[in-house]
Amino acid sequence: YVAAVYEHESILNPNPTALVDRQSALELMGRNLDIYEQQVVAAARQGAQIIVFPEDGIHGFNFTRSSIYPYLDFVLYSHSVKWNPCREPYLFNDTEVLQRLSCMALKNKIFLVANLGTKQPCEHTDPHCPSDGRYQFNTNVAFNDDGALVATYRKHNLYFEYAFDTPPEPDYKLFDTPFAGKFGMFTCFDILFFEPAVNLIRQYNLKQVVYPTAWMNQLPLLSAVEFQQAFATAFNINILAANIHHPTLGMTGSGIYTPVKSFIYHNMEGYGGKLIVAEIPVITTDYKTNLEKMPGRVSEKGNEQLPPLFYAEMMYDNFTFVPVWGEKGELQVCANTLCCYLNYWRAVLTDELYALGVFDGLHTVHGTYYVQVCALVKCGGLSFSTCGQEVTDATALIDFQLWGNMSTPYIFPLLLTSGITLDFADHMGWKNNHYFISKNRTSSGLLTAALYGRWYEKD
């Protein structure tokens, strides 16, 4: 099928905490919706059957609970009511944004997924009801090619979004398409948690996911395109991921991903939006990973000088590292219950320092969640203290096999190369209770090769 995602540079309110009236809010959102409309037309012309827009793309961000209120549309969270906002605009008040999105889908005969702020009045008898008598949700909406509202999803894992409420229960939301079957949806930070993202995919055996996001890149392990690809690979699904484009805030990185190929956009230099349109296969069967190329355990060689252990901060976590020296070698490094092993070989020695790092513990900055990580990374400079820094360019081509005795089945294989480009492992999977990833010769200099494990039960 043909899919489209649009990385949107939002027209932002210069003063988001100021209180404005509904008319002013609609004017600002209308300017963003004008751009959406152009992109829907462009995508439909290229044969796209579905288009996905980013999180916060219509209204922007950094609001307070009261300042966002004029920007919120009313959505009825009821499965019994079938509603087409374009054809039936009179049914509910404060649905101008939904009406425009619905009409774009209808006019262009395309499925459309967008993110907006929504409101829902609640009774004080409801124990969860906020004191101002209303819920405010960060919401994804999906329209079919006739403009009907076919799914609404309320973001569950909020990322410092004080304007919004967490829904009382996680939403498991999917919608059906004639061209690729069922699509599930969740938003941004949700991708790092079991609820509802992982549970949704497992429960409904989903193969397609739409994913609006407003993601701030964090190298070396959580750049948007890097993690989106790893997620598609780990769950053997297609992901249509639309990010917002604000390079000054570190926000870029969208793509259309399959488990074995991707069409991505990552641009920290230029301004303006970017439409990606690609034809991808509907996934019906599981890809088999080849488990035969796995090396044995690292042999314990006597009397060789072991490289020194050192500690450095990476992604705000205290990693234990060993340097990756010389043209080839076998290394291991352990922390808590996790041991990581690396066999490597490089034809040309460059003056770049690489290190093998391990972390097994609770990550506590910008969210709290338990990770197990084995990571081969390029360091920022030549001293140990630079390992774990954000690096975007590298020249070393390294053949490697990386494996670890991970305690969780949820492993996201990361493979990032120079210039924030993606590469794909030759082999990956489980063998002898170890998860491994191997690659002969990356397409360009290696930035990160890692096994990013999420141990959800220990969050």
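A Cβ is built for glycine as well, from the same backbone N, Cα and C atoms used for every other residue.
Note that the structure is predicted; figures quoted are calculated from it, not measured.
According to TrEMBL:
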DOMAIN    15-282  domain 'CN hydrolase'
ACT_SITE  GLU55  active site, proton acceptor
ACT_SITE  LYS155  active site, proton donor
ACT_SITE  CYS188  active site, nucleophile
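The separation of LYS155 (active site, proton donor) from CYS188 (active site, nucleophile), Cα to Cα, is 8 Å. With respect to their backbone Cα atoms, GLU55 (active site, proton acceptor) and LYS155 (active site, proton donor) stand 10 Å from each other. Along the domain 'CN hydrolase' (15-282), the predicted structure has mean pLDDT 97. For LYS155 (active site, proton donor), the same-chain residues 6+ apart in sequence whose C-beta sits under 8 angstroms from its C-beta are GLU55, PHE137, ASN138, THR139, ASN140, GLU161, PHE164, PHE186, THR187, CYS188, PHE189, ASP190. The residue listed as 'active site, proton acceptor' is surrounded by 27 other CB atoms, counting those within 10 A of its CB over all protein chains shown. All chains included, 26 other C-beta atoms sit within 10 angstroms of the C-beta of the residue listed as 'active site, nucleophile'.
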